[in-house]
Amino acid sequence: MTNGQVSIEKNTYYDVTFEDLTHDGAGVAKIDGYPIFVPNALPDERAKIKVIKVKKGYGFGKLIEIYEKGPYRVDAPCPVYKECGGCQLQHMSYEGQMVAKQKQVQEVLTRIGKLKNIKVHPVLGMEKPWRYRNKAQVPVADREGGLAAGFYQQRSHEIIDMEACMIQQEKNDEVVQTVKRICEKYGVKAYDEQNHRGTLRHIMARYGLVTGEIMVVLITRTKDLPNKNKIIDEITEQIVGVKSIAQNINPKKTNVIFGDETNVLWGEEYIYDNIGEIKFAISARSFYQVNPEQTKVLYDKALEYASLTGKETVIDAYCGIGTITLFLAQNAKQVYGVEIVPEAIEDAKRNAILNGIDNVEFAVGEAEVVIPNWKKDGIHADVIVVDPPRKGCDDALLQTIIEMKPKRVVYVSCNPATLARDLRILEDGGFETVEVQPVDMFPHTVHVECVAQLILKEGN
Ligand code: SAH
């Protein structure tokens, strides 16, 4: 590949200095202006690399030797960090991760969103950024003398046994190990992907951070689970706090974890957890935020940006199980939530009743279809909150927001690139982005969540 004066060849070695980090955590170095992405390298590091792929405008390399470490380089604390791939930034200090995530958001909003001088606050991170996940879904395999439960080795289907995951609640690690031993004891065979035989596919553990309640789900290929009652007895004896044991049956040849049928084997259908003042019922298949501590931080910020006085009508688009909706309802006159998954809306309605909240209404459907219909029916929102999936908001929804002219829009986003694209559309439609607050929901991974506040510009 020729780039101006230089020609960069595959399989050649270069000494480079890294300047930046990509959104997926690779280091970026430039060889005479030609960017090379190198996994595991960090900004301000000087290193020898080998070029392994050359494309038109950029290439990929492999880190061979670090001559000078960057200021944020640390030894990854997890012993299986490299094989697992669940985390991508453990080789960077948490302080460094916060700096990098803030910079990434700022850069993307400026470049893609063309938002000049946009105020992006420092990332709200965790005081103790470990052991935060409240849900473990662990694949199981047969090994000589028992079962392995752990993770798929990167880019393979090999299951590596693992006793502890450093971003998982300790309680979940304990539950998985206990259930694994009990299933071993009663001769349960693990699912064998190649031959589509065996029984136990995954063990799932869920932990209510505030309530301490535990749910165990055994995901099996067949409905038949040998020694089912003995397994249940031992789980209830050995796991303190267990409130629900369920079985999900997935007979298909698939990478998808869950099948369609779920049966409660013992105890309750739900466990409970709280985020702030709101209580949630969580079933085996319910979506629930995996880092509840930071979810509270995120929702408090969304609530602050909504600036509610109790008189407003609010729409919560992409509402899931109504988490944000119920949070907003505490300070609004009326909140309308819309979500595409019918089961999530059932959960949302149940959670509203559970909390005695009656100023909410939920609808199943596409936000971009339901909200224009609400508008036709004469519903006017003072504030609209959106929390879309990674692909961002549908354009039809953004156009409806522009036509509806709410006083404020609060945009909760898990993807800075689509946030930037959508903020540009809303800006062109008469809104102004006041500020953006990144929140670290997933320490040691490359993900970053943001909340943005927009106000309707005067004269619109
Ligand atoms: N606000 C919720 C969930 C956000 S995740 C919470 O914080 O818990 C995004 C949600 O958008 C998912 O529940 C997904 O099912 C839903 N979704 C995806 N596309 C949609 C669409 N076109 N219309 C409405 N909801 C949609």
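Even glycines carry a Cβ here, placed using N, Cα and C.
Nobody curates TrEMBL annotations by hand; they come from automatic prediction.
Remember, predicted model here, so these are calculated numbers, not experimental data.
According to TrEMBL, the protein has these features:
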type	residues	note
ACT_SITE	Cys414	active site, nucleophile
ACT_SITE	Cys414	active site
BINDING	Gln289, Tyr318, Glu339, Asp387	S-adenosyl-L-methionine binding site
DOMAIN	5-65	domain 'TRAM'
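Taking the features listed in TrEMBL, we show where each one sits on the structure.
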| residue | record | Cβ neighbours (10 Å) |
| --- | --- | --- |
| Gln289 | S-adenosyl-L-methionine binding site | 20 |
| Tyr318 | S-adenosyl-L-methionine binding site | 21 |
| Glu339 | S-adenosyl-L-methionine binding site | 27 |
| Asp387 | S-adenosyl-L-methionine binding site | 24 |
| Cys414 | active site, nucleophile | 17 |
Write down the Cα-Cα distance for Cys414 (active site, nucleophile) and Tyr318 (S-adenosyl-L-methionine binding site), rounded and given in Å.
13
How do the residues of the domain 'TRAM' (5-65) split into helix, strand and coil according to DSSP?
0 helix, 37 strand, 24 coil
Other residues with Cβ within 8 Å of the Cβ centroid of Gln289, Tyr318, Glu339, Asp387 at the S-adenosyl-L-methionine site?
Asp316, Cys319, Gly320, Ile321, Thr323, Ile324, Pro388, Val412
Calculate the distance in Å between the alpha carbons (Cα) of the residue listed as 'active site, nucleophile' and Asp387 (S-adenosyl-L-methionine binding site), and round it to a whole number.
8
Using DSSP and collapsing to three states, where does Asp387 (S-adenosyl-L-methionine binding site) fall: helix, strand or coil?
coil
Output: those recorded positions from Tyr318, Asp387, Cys414 whose CB lies less than 6 Å from an atom of ligand 1, in sequence order; none if no residue fits.
Tyr318, Asp387
Return the average pLDDT for the domain 'TRAM' (5-65) as a whole number.
94
